[in-house]
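Read through the structure below, which is laid out as structure tokens, and then see the notes.
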Amino acid sequence: MNYILNANEMKMYDRDTSERIGIPSMVLMERASLGVVESLKEQNLKPDRILVVAGMGNNGGDGLAVGRLLAEKGTEVTFYIAGNPDKVTPEMRRQLLILENSGFSIQRKLELAEYDMVVDALFGIGLSRNVEGEYLELIREINNFGKRGALILSLDIPSGVCADTGRILGMAVRADITVTFAYAKRGHFLYPGREYTGKLVVKNIGVTEKSFIKGRPGAFCYEKKDLQGLLPKRSPWGNKGTFGKVLLVAGSHDMCGACILCGKSILRTGAGMVKIITPACNRTILQEAFPEAMLYTFEDRPEPEKIQKSLDWADVVVAGPGLSTGDISGELMEYLLKDKRCPMVIDADGLNLLAARRELFRLAKERGGKKLIITPHPGELVRLLKTDREEYGTDREKLVSELAGELCCVVAAKDAATLVVEAGREEIYINTSGNDGMATAGSGDVLAGITGGLLAQGMDSFRCACLSVYLHGLAGEEASAGKGRYGMTASDIVEAIPTVMTLRDEDFLRCQKTPSKKI
Ligand SMILES: NC(=O)C1=CN([C@@H]2O[C@H](COP(=O)(O)OP(=O)(O)OC[C@H]3O[C@@H](n4cnc5c(N)ncnc54)[C@H](O)[C@@H]3O)[C@@H](O)[C@H]2O)[C@@H](O)CC1
Ligand SMILES: Nc1ncnc2c1ncn2[C@@H]1O[C@H](COP(=O)(O)OP(=O)(O)O)[C@@H](O)[C@H]1O
Ligand SMILES: [K+]
């Protein structure tokens, strides 16, 4: 697990490290710059001629120090500074003095020569408003150097990207590599900032969790090395009942594929059994395409006793994929929501039904608590909140939290960077796995299946939703590695689930012994 910080958190921890713990900020700056040089070495990058574009803040200070360290190693460095000298920070002033004392010249007019690399040190996490005037021109120039073939290295965050939201404040540098310090920032992972960040490298500079005394970071993500501690334990003497029975209520006359994609994902994730409630027209195709599933198929309308019996059997309910929003589906959802015994995952048309019928929304809210996970895509989220896409674009995190609060549940708000939020929990999960190949029909059904499969193995709702989203993204990456982002389909994502959940035997055994991580 890794923390993802906003600008205020980073400033607070930087300050604590220098003022309370006592590591001088010039030392932190030197470590940051040494980290940048080290990361160039790690990536085998040996630029001969570089341009450093520095602002008057501490990000600029990092830039001058990086340039100085590279010059020591023989790189030809051109230093350029922008901004009002009256606003220079003490650390940046000191860096300027060091350069002056070392005999370097510093330009105030940009030299349009050829460079192998441009170091973007104009703004870091201190950017607080839209970029204008001289800065706008500079960012355009830096991007032009990039278009002409120079490698663009951003320090901490590409200048112009908002560290808290990933929004572009006027215009931003398009980096090839961003080296950030201590922890990744939200803007590195939230779009469009993620696209501008390029390859992200995080370097330790001496700021640690010891500085979290005034509050922990509000966001985190998972990494591959966490899987061992996160995957549900398997009992060696378990049977298919031990690993969970999932009731999948999905599919309709024209949508059978959703049952298959979702149902297969449930079993591929390790749950023991799946039973599908779906219209009779889907019976033959399901038996052929998905022989592992048990079925209750109905002709005109499902019998309440049969639904009841299925609910008695189930450990977890997944409802919605391909369900359609007709009256029969509405009735089915009502039965499912009224039975509050087992945890439930609602996706797709299940959510559209909640949005269209306030009574169902109310029933969902009543069963909330730890027992409900919803997985809306942006369109479903907007429908549920009766808002519009414009508001979604303005403050997505606020809307997702609002929805979690209203339904008292866990929301996995799907998007290119999926967020997971739980009602009453301050910490949010920001997903970092996956790629645009996953924007393909049925991909969401796979996520609903993974979530149901993990929930059936006894995971807590919030951790289950975070892990499901992460695994789903990893399976998407695996699918694109094989089929490419153009050609991959949701079925490829299903088939990739086992690969991303496979631990080497020794890791698997260790995973059984390590207690599950608390977050
Ligand atoms: N001890 C520390 O504080 C450390 C800080 N470090 C670096 O310091 C950076 C943060 O430094 P600062 O807080 O000085 O901030 P920045 O260097 O990011 O720049 C902020 C400066 O730009 C001005 N500004 C903000 N938005 C503007 C706009 N749109 N147009 C024009 N001017 C604008 C601000 O008023 C401020 O003077 C980090 O990103 C990181 O690179 C690192 O050296 C690690 C240690
Ligand atoms: N550009 C992207 N990068 C990463 N993940 C993506 C991207 N686009 C879509 N996804 C993921 O793909 C899934 C699409 O789900 P959804 O829209 O519900 O598809 P469907 O309705 O076709 O099943 C979501 O989990 C989403 O997070
Ligand atoms: K920068």
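Glycine is no exception: its Cβ is also placed from the backbone N, Cα and C atoms.
Annotation source TrEMBL lists domain 'YjeF N-terminal' at 10-213.
In this structure, G61 ((6S)-NADPHX binding site) is part of a helix by DSSP. Per TrEMBL, the feature (6S)-NADPHX binding site maps to 58-62, 124-130, Y135, D156, A258, G322, H377, D445.
What TrEMBL lists as K(+) binding site is N59, D120, S159.
TrEMBL lists 223-504 with the feature domain 'YjeF C-terminal'. Within the model, the domain 'YjeF C-terminal' (223-504) shows a mean pLDDT value of 96, rounded to a whole number.
What TrEMBL records for K414, D415, A416, A417, T418, G444 is AMP binding site. Sequence-distant neighbours of A417 (AMP binding site) (same chain, 6+ apart, CB under 8 A from its CB) are G166, F189, L190, Y191, R194, I430, N431, T432.
The binding-site residues in question are N58, S128, T418, and the one with the fewest Cβ neighbours inside 10 Å is S128.
Apart from K414, D415, A416, A417, T418, G444, the residues listed for AMP, the same chain places the Cβ atoms of H377, P378, A413, L419, N431, G434, V469 within 8 Å of the centroid of those Cβ atoms. Note: the CA-CA distance between Y135 ((6S)-NADPHX binding site) and D415 (AMP binding site) rounds to 31 Å. With a 10 A radius on its CB, G61 ((6S)-NADPHX binding site) counts 31 other CB atoms from all the protein chains. Mapped onto three states, the DSSP output places S159 (K(+) binding site) in coil. In space, G444 is the closest of the binding-site residues D120, D415, A416, G444 to G322 ((6S)-NADPHX binding site), judged by Cα positions. A 10 Å radius around the C-alpha of S159 (K(+) binding site) takes in these binding-site residues out of N58, G61, I125, D415, G444, in sequence order: I125. Ligand 2 lies under 6 Å from the Cβ of the following binding-site residues, listed in sequence order from N58, K414, A416, A417, G444: K414, A416, G444.
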